[in-house]
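One structure is given below, encoded as structure tokens.
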Amino acid sequence: MLRYLPGLLLLLWQLLLLPPPAVPGPLDRPGFLRLGTRGPGGNPGRRPAPAAPTGTPYSGAGQHDGARGAGVCKSMPLDLVFIIDSSRSVRPLEFTKVKTFVSRVIDTLDIGPADTRVAVVNYASTVKIEFHLQTHSDKQSLKQAVARITPLSTGTMSGLAIQTAMDEAFTVEAGARGPASNIPKVAIIVTDGRPQDQVNEVAARAQASGIELYAVGVDRADMESLKMMASEPLDEHVFYVETYGVIEKLSSRFQETFCALDPCALGTHQCQHVCVSDGEGKHHCECSQGYSLNADKKTCSVIDKCALNTHGCEHICVNDRTGSYHCECYEGYTLNEDRKTCSAQDQCALGTHGCQHICVNDRAGSHHCECYEGYTLNEDKKTCSVRNQCALGSHGCQHICVNDGAASYHCDCYTGYTLNEDKKTCSAIAEARRLISTEDACACEATLAFQDKVSSYLHRLNTKHILSGSAIILIPQYDFLIQNLYMYKTSQLINGV
């Protein structure tokens, strides 16, 4: 009765959907990862995804089917060879699960000639290379080729499969990239049985040649053989699943393994301005235009482009707060459409010169002020003051205009005239009138006396003005005076006055 107890317990667990009691066994030893039991988070055996930075998308191992956080996880370039067991122990439906697992891993990778290249080696008692690394360069054709693979159905020659992969799949002729490319060479072997040949020595040679080996065991797989085939450390290179029904879930684990987290997308880069992804989880910082990267390779400082003399401004370069600059022109110039060169303004035509009288353009794009004739330019170089108002002819003097300085004058009269109260017009002086009224106008003696007095007076005046250099101007005036005096005297005689 006791020998049927384990079977009864298993039946009760299936009915009640309770987890079976944990029984220590060979699979609980350290050195490999076991899937198929539920972890603390409820996901089958998955490592809990690390917490993402606040507000930043995270591509964790909990995603599969190629669903990765956009830009967060970018797979590193690989030369990847799948070595899959298709021996008789692998049933057709289970082999389909293996192919689904391979396709899902392909979905998580960046496929292309410059990215990851994939080959598949199918083995049982014989080995067949289904396609080489250089055969397919896109995901669609790769997955279609994987779907066409059929099982070989006999034996489990794992060592021979590894040797074939090393000799034929990981060669430059087959599409592998040489040592100078620094592209990792990775093989994932999937098996559910015990190898029927020696694997430890061939696996050691493969690892020595630079191939990184991952071993995935299913169901009845021999764990010691998996550990002999896998690279160190074993807890990162050996995986176990209890059934083919959960093997496809390992794709997310390999996604995490082959993923180069992008610090730029994660927001952990600490770049002050711009983060640039370099691939394989690497990045560098750059600065916005007008800034330069500081010695810490993360923060930025404003560049004084005006001081660098690379601005191209013809006249004046002005730094802006944003780290950029703009050009300006000297007074009298305007900025051209290219925003760098300048053209002279015609300030006289613009009417902005401020000159009181005349504006004169200079060749240098500037101008100067001048004054009309008879005016002088003041110290402000714009306004004008009268220099000689007598010369302007606007003085209003009846006889003579006399300059008194830079901007003043006074009027004077010819000899024999006196200036009136308006300080501009002139009247004949009283002495001339007295010559007429001092004697009896009816007597001949008076007339002769009048003539003598006038002649004597005129002679004195004429002598006086000849000495002063103005006789030519004044003598005609005396002739005019004499004529008037004679006419006045004659009229008195006629009228009997």
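Numbering starts at 1 and runs along the chain as it is shown here.
Keep in mind that glycine also has a Cβ here, set from the backbone N, Cα and C atoms.
For 45-57, the entry in TrEMBL reads compositional bias 'Low complexity'.
Feature annotation from TrEMBL assigns domain 'VWFA' to 79-254.
Residues or ranges marked as domain 'EGF-like' by TrEMBL: 260-301 (among others).
Residues annotated as domain 'EGF-like' in TrEMBL: 302-343 (among others). Secondary structure of the domain 'EGF-like' (302-343) per DSSP (helix as H, G, I; strand as E, B; remaining residues coil): 4 helix, 14 strand, 24 coil.
What TrEMBL lists as region 'Disordered' is 29-66.
The feature signal peptide is assigned by TrEMBL to 1-24.
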Mean of pLDDT values spanning the domain 'VWFA' (79-254): 93
The domain 'EGF-like' (260-301), counted residue by residue under DSSP: helix, strand, coil: 4 helix, 18 strand, 20 coil
